[in-house]
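A.B. asks: For reference, TrEMBL lists these features for the protein:
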type: COMPBIAS; residues: 8-23; note: compositional bias 'Basic residues'
type: COMPBIAS; residues: 24-39; note: compositional bias 'Basic and acidic residues'
type: COMPBIAS; residues: 65-78; note: compositional bias 'Polar residues'
type: COMPBIAS; residues: 140-156; note: compositional bias 'Polar residues'
type: DOMAIN; residues: 174-238; note: domain 'BED-type'
type: REGION; residues: 1-97; note: region 'Disordered'
type: REGION; residues: 118-170; note: region 'Disordered'
Amino acid sequence: MCGMLSMRNRKRQKEKRRHKERKKSLEEKRKEKREEKRKKQEKKRKNQEEEEEELQGKRKHARSMNCSEFVQGATTEGLQRRDSPPMTHSQRATRSPLVRSLVVSTWRSSLGLLARVAASKRGRSPSTRIASSPLEERANSSARSPSILGSPSPMTTPFGGSKINHPHVRKTRRLTSAVWRDFKPIYRHKILVKAQCKHCHEVFQAGRDVGTSGVRRHLAACEKRSDLHLYVEKMKSSVSSPDASMLKQWNFDQETSRDLLARMIVMHELPFSIVEYSGFRDFVKSLNPLFKNVSRNTIKDEWMKHYNLERSAFSGHLKKYSGRVSLIADMWTSNQTLSYLCITCHLINSKWILQKRIFRFFMVETPHNGVTMFNVLLKSLQECNIEDKLFSMTLDNASVNGTMVNNLRKNLNSKHMLPIKGQLLHIRCACHVINLIVQDGLTTMKGVIDDIRECEVH
């Protein structure tokens, strides 16, 4: 018997070592993939920044060139006009377009100033848009237009001051175009600079000076979006009219679908490997062929993010909770001979409704003695700052739990955190106690039961 037990122990140790080696190799591969992905993203970001810097340099150069051409043209025209006889009406119409644009802009700004002064005399706000006539509308639009040099021109107020519009302090504009249903806006310093396609995840320039014409052209050529629209049209033709009206407002989002899938798996206690079943993938493909299948590791990582968020929210709720809480702890061993401890928190809210939440769930390293369990439990209480809010703990009748509760009672009593010195701290599980009573009774009656069975055989 001893030899058999030692062989089993050796096999278990070998399996544990193999499991650790596999886990280590998988973690190394994941780290390598993450590093490669990070390097690609960094390289892509640097290329985009270089392109933006080059584009800004070209714009500055173009503005400076336009400014120098304007000054040179205006000076030459003025010298020619000084030495030449008065021009006729046809000659004025054919003179330099740069000077003509300067005269027109000056005339429009004067009209805009007169319109704002008249509005202030009538009791309106100077910033109110006046649209009583086409002439005033053009004047207001010219007052808001940028200057010739490319920088925002100062807006003169009715009181003689000036107000400069800084582009870096303006609020984020509301996106009203229909193209933003299929694109995700990318901001930099609250300024729209780029747009990312929700279907193929390609990034395009979409700033204020570029507009949405480029992204509109991409929508017409995006293959994934065209496949989606064909699929929606087929669905519209195969469903009734009320359901077809709902399809017009439907928009596919990969992240939302993946989040709902992770919630479904956890809510119904399904295995993470269900996403790798061929039947499940065929079913999802029949619903939406554009959904990208994910692995069980991806779903696990996705739900761990949700778990951490929910855990931090519950910890914040416990900090604000003014009453006391009760805990239930239980430990079991998996088929991989790994021990897990689950701690459930029970409390009554302000509406006198019992609330139950999984407080902690983690693997416990060996040895599983009373001191180890005490340290693990005390650390869990300290992380959420509920040492002074603990009322009782429900545990089974294992000897390890008795040692753990005694150590915990001594520790908390030294800080004066338990009511009536912890006399109600340890509550034994009633189901486990009844099971022990039944097992003990069956053991006592074993001889009588064996005799009855022998009588039935004969």
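Note: Cβ is positioned from N, Cα and C throughout, glycine not excepted.
From a predicted model like this one, the values you see are computed outputs, not experimental measurements.
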A.B. asks: What parts of the chain pack near the compositional bias 'Basic residues' (8-23), using Cβ distances under 8 Å and only residues at least 6 beyond its ends?
C.D. replies: 336-337
A.B. asks: Reported in the order helix, strand, coil, what are the DSSP residue counts of the compositional bias 'Basic and acidic residues' (24-39)?
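C.D. replies: Reading the DSSP string over the compositional bias 'Basic and acidic residues' (24-39) gives 16 helix, 0 strand, 0 coil.
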A.B. asks: For a three-state summary based on DSSP, what are the helix, strand and coil counts in the compositional bias 'Basic residues' (8-23)?
C.D. replies: 16 helix, 0 strand, 0 coil
